[in-house]
Amino acid sequence: MSAPVRRRSASLRLRVALAAALASTVVVVLVGVLASVLLTREQTERLDRSLVPGSPAVLGSFASTRADLAVTLRGPDGTVRRVSGPELPLSPLGIPTSVDVDGVAYRIRTAPGPSPGALVTVGATEDDTRARVAERRRLVTGLGVVAVALAAALGWVFAGRAVRPLRRLTDRAATLDGAVEADVPPPTVRADGSRESEELAEALTAMLARLHAEQQRSTASLHAARDFAAAARHELRTPLTAMRTDLEVLQAHPDLPERDEVLADVLRAQARVEATLTALGQLAAGDLPDADGGDVVGVADLLRLAAEDARRAHPGLEVVVEEPAGAVRGSLEGLRMALANVVVNAVRHGGAGCVRLGAHAGEDGGVVLTVDDDGRGLPAAEREAVLGRFVRGSTAGAPGSGLGLALVAQQAARHDGQVHLEDAPGGGLRVSLAIGPDRAG
Amino acid sequence: MTEPSPDLLVVDDDADVRASLERGLRLSGFAVRSAQDGPGALRAVHERVPDAVVLDLGLPGMDGVAVVSALRAMDHDVPVCVLSARDTVDDRVVGLEAGADDYMVKPFALTELVARLRALLRRGARSAAESTVGPALGEVLTTGPLRLDLARRTVHVGERSVDLTKREYELLVVLARNAEVVLTRERLLEMVWGYDFATDTNVVDVFVGYLRRKLEADGTPRLVHTVRGVGFVLREGG
């Protein structure tokens with residue numbers, strides 16, 4: 001499967017250069033337009049100032065010195081006299097006005113003339129002014145273009161420096177091994193030089209660490225599952241071996257005097273297989289994580305249920321149950337199953353005739369469920385080991401799967417707690433199932 | 001004529017398996033003693049050397065391999081059949097490497113175990129009888145760099161002395177006596193183990209593997225060749 005080919009976006013550097021060019025263009029255009037407007041106005045005002053009416057004589061001599069000047073006199077009677085240049089039209093008194101005379105643009109101004117009632121109109125062609133303005137505009141435009149180009153170029157150069165940490169980060173990330181090795185600590189990605197690149201590097205490092213942790217978790221659980229499956233197969237083969245041998249004996253010796261004894265052995269081996277399968281199922285279910293953290297379980301209710309279970313499963317057993325206050329958050333069925341396993345353990349392997357179910361507050365603020373029995377107890381050296389899967393104590397009686405206390409330990413772990421084995425106050429064994437303080441409630 | 005029942009020692013840490021095997025083997029005509037751990041097994045051997053040992057590999061503390069090693073180190077060459085509850089090949093073969101003669105994976109058929117034990121016992125008795133006569137002095141089998149001195153029971157590849165377990169040595173002798181002749185697995189089982197009945201085992205392949213490893217340890221070219229679909233042959237070169 002190949003990734004779809006995606007068109008690459010423009011590089012950050014090019015984008016910065018373009019942004020610089022665009023920004024400078026806006027500035028240049030604004031400045032240019034403003035300059036052009038101001039320039040035009042200034043030039044026009046200057047022209048307007050030159051259109052100062054004076055005496056016709058003065059005007060005539062003045063006009064004769066400048067070819068672009070035109071002067072027209074109008075008498076009170078409406079006579080028109082051209083002093084110089086073409087005849088200019090009338091314009092409102094005192095206000096400079098642009099007009100077109102025979103295809104030539106003039107700026108004219110009309111003022112009262114030398115004699116009463118007479119009007120004098122002075123005009124000057126705007127060609128020179130416009131040419132000057134146009135020339136300045138070209139200059140401004142040229143400077144603007146240069147400025148924009150310079151901005152783009154500088155943007156390119158400085159952006160190159162600015163994206164260097166990012167470039168380094170990209171190079172580092174590219175050299176990271178795609179496969180995260182479980183036994184190698186995840187690499188730390190560094191890209192100093194800008195806050196963004198540093199943040200990105202930190203995020204990348206954190207992501208690698210998360211990946212690594214996840215990988216380690218799944219590798220560990222895979223190993224655990226594999227070991228567990230091997231141990232389970234091994235565990236089932238032992239009773240099956242006994243069973244097969246017994247069945248072959250029955251087959252080969254139909255009139256065996258010890259027939260009943262052999263049959264009893266077959267049934268016992270069968271019970272072992274069944275017990276192991278049940279415990280394996282419970283272990284597998286207990287390995288599933290609690291999504292919701294469990295229900296609130298009253299400790300007294302839990303102990304009462306466990307006592308009922310114990311009396312039902314072991315009719316000859318004396319069960320004493322305390323009525324402690326308090327509640328825990330967790331799985332009622334899980335805890336009940338754990339307590340049932342402790343009781344089975346006490347009866348089957350400890351030879352207990354009486355169990356006492358109780359609970360008290362733990363030192364860490366949690367709740368400790370206790371099951372005391374009056375059985376044989378367990379050598380202190382084995383008390384840790386028997387919590388492991390498929391481990392039996394040296395005093396254990398058959399049948400036993402070696403999973404009973406492992407199930408209890410699993411439930412304790414599921415409730416953020418642990419199992420502790422010690423001597424019971426009245427002899428025998430005390431199994432304490434501590435539930436973590438976070439679960440008390 | 002009634003022969004005395006062969007004396008068997010069954011070693012297994014599981015009481016149910018021990019009881020079943022004891023009963024099954026007793027009913028099959030063996031005199032059975034049992035032990036539940038390694039030291040117990042060695043004590044029982046010390047009391048009276050059995051004719052054969054059925055030994056569970058997965059004993060707590062001193063495991064089956066250690067028991068086999070100890071037995072061989074004490075020069076007891078009783079046939080040992082190991083029982084394994086694991087099905088990975090490595091575990092199957094460790095007991096054999098230490099000097100056991102055969103292995104069976106739990107759960108197994110009692111009749112199969114009985115047949116193999118009887119064959120191993122017969123075979124053991126015969127080779128004991130043979131060894132009293134002994135091979136002609138100076139009888140030496142050679143194939144390429146391989147030299148077997150049957151009188152001294154020594155094996156050399158070139159100048160290098162090769163240390164073989166009893167069963168490895170017997171397999172090599174059979175192959176060397178029949179050098180250039182392809183022997184089937186069935187034939188080898190019969191000649192080396194005395195299994196003259198159909199049996200489902202890859203013990204020949206396992207022992208051929210051991211032989212190769214020991215003979216080829218210093219880079220000597222292969223001597224024991226596999227003839228695909230047929231069996232094995234000892235010859236120099238391909």
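Note that Cβ sites are derived from N, Cα and C of the backbone, with glycine treated the same way.
Look at TrEMBL and you will find B:7-121 tagged as domain 'Response regulatory'.
The 4-aspartylphosphate feature in TrEMBL is assigned to B:ASP56. According to DSSP, B:ASP56 (4-aspartylphosphate) sits within a strand segment.
If you look up TrEMBL, you'll see B:138-236 marked as DNA-binding region.
Sequence annotations record features per position, and here TrEMBL assigns domain 'OmpR/PhoB-type' to B:138-236. Residue counts for the domain 'OmpR/PhoB-type' (B:138-236) under DSSP, helix first, then strand, then coil, are 34 helix, 25 strand, 40 coil.
Residue counts for the domain 'Response regulatory' (B:7-121) under DSSP, helix first, then strand, then coil, are 54 helix, 24 strand, 37 coil.
Under a cutoff of 8 A between CB atoms, and with a sequence separation of 6+ in the same chain, the neighbours of B:ASP56 (4-aspartylphosphate) are B:VAL11, B:ASP12, B:ASP13, B:ASP14, B:VAL17, B:GLY64, B:VAL82, B:LEU83, B:SER84, B:ALA85. Each residue in the domain 'OmpR/PhoB-type' (B:138-236) has a pLDDT score, and their mean in this model is 91.
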